[in-house]
Amino acid sequence: MMASSYKDEDGHISVSGSGAAAGGGSLRTKKPENTAFKQQRLPAWQPILTAGTVLPAFFIIGLIFIPIGIGLYVTSNNIKEFEIDYTGVDTSSPCFNCSKSFSWNSTKPCTCSIPFHLDQSYESNVFMYYGLSNFYQNHRRYVKSRDDSQLNGNEKSLEEPSKECEPYAKHDNKPIAPCGAIANSMFNDTLELFYNDPNGTKIQIPLTATGIAWWTDKHVKFRNPGVENMNLTAVFQGTTKPVNWRRPVYELDTDPDNNGFINEDFIVWMRTAALPTFRKLYRIIQRRNNMLPTLPRGNYTLEVVYNYPVRSFEGRKRMILSTISWMGGKNPFLGIAYITVGSVCFLLGVVLLIIHHKYGNRNNGADISH
């Protein structure tokens, strides 16, 4: 008996007869089922771009972005910022001798004093940063060279650091705490600020060393090993300091709440920068009296204990004094970007409006006559 085939309403081919029985049933094609989803017949909204919809959009974007950009740019320019390069490359620099002779193997730190003048007073809290140039913290092997489990207080990782820390995992057969290249290269210059009073006395500006790290880093990611209120000297017994450090991690500060792995200078350094030129928060100069500026206009002296050599990688070091606003630190790029985008959209709207006014009626007339 011959097999016969027919196509149903869904587009499937069925075969009947003895041949179909021998073949195991009906044959079906690979055509998707005749449903709205599989045949792509679902309702959809397709915008029709006309002059009446496109031109207002360009003008609205321009009128919104330009004022926002101007506000951001003005706010950024109102932030006061002062910067000093104390690398000591020039022979006239007070830090030239320190820069020329100092290295990681130097046994004694070098001290230099840099006088400077502030042309305007700083009224609110002032943030002191240190800046480095030509320092690539974003290198892949450098970023991986740390042990987050050790930094989180794991005692087993304290005794056996991760292999990612090599070659800064052990020294003299002792585990390094903290291990890794990031910790080993920690910035350790000491910066002190003095105000030169007109009567000839030098007044030291108090610098706050806490509150400079992210809260999540201070209270979540970084913890000292052992139980609370335990002597850190005993906790880190059997470990050794990083090769380039001058003192162990449990002597970074005399404050027990800012010592060891939870030292905020250390925490700030461990958050690696994305670009080779960067700045990191060093200290906060808090406003002491509502009637007086935080930093009055006048002469100052920056005292530097030069511990961090940068000549080996042709780097530079800076000290920055800056205020902040509701948008953060000084950054004119965001305002310029808003102004540029808004201006381009507004100009495009004007150009398209002229083109539409000149050629739009002609095209409509041709369509109607045709």
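Count begins at 1; order follows the chain as displayed.
Cβ coordinates are placed from backbone N, Cα and C, and glycine is handled just like the others.
Since this is a predicted model, take the numbers as computed values, not measurements.
If you look up TrEMBL, you'll see 1-12 (among others) marked as compositional bias 'Basic and acidic residues'.
Residues or ranges marked as compositional bias 'Basic and acidic residues' in TrEMBL: 156-167 (among others). Sequence-distant contacts of the compositional bias 'Basic and acidic residues' (156-167), counting only residues of its own chain at least 6 positions beyond either end whose CB sits under 8 Å from a CB of the stretch, comprise 144-147, 149-150, 175-177, 179-181, 225, 236, 238-239.
What TrEMBL lists as region 'Disordered' is 1-28 (among others).
Annotated region 'Disordered' per TrEMBL: 146-167 (among others), in sequence order.
What TrEMBL lists as transmembrane segment is 48-74 (among others). Same-chain neighbours of the transmembrane segment (48-74): 327, 332, 334-343, 345-349, 352-353, 356, 360, counting only residues six or more beyond its ends whose CB sits under 8 Å from a CB of the stretch.
The transmembrane segment annotation in TrEMBL covers 333-355 (among others). When Cβ-Cβ distances below 8 Å are used as the criterion, the transmembrane segment (333-355) is approached by residues 51, 54-55, 58-59, 61-66, 68-76, 327 of the same chain, each at least six residues removed from its ends.
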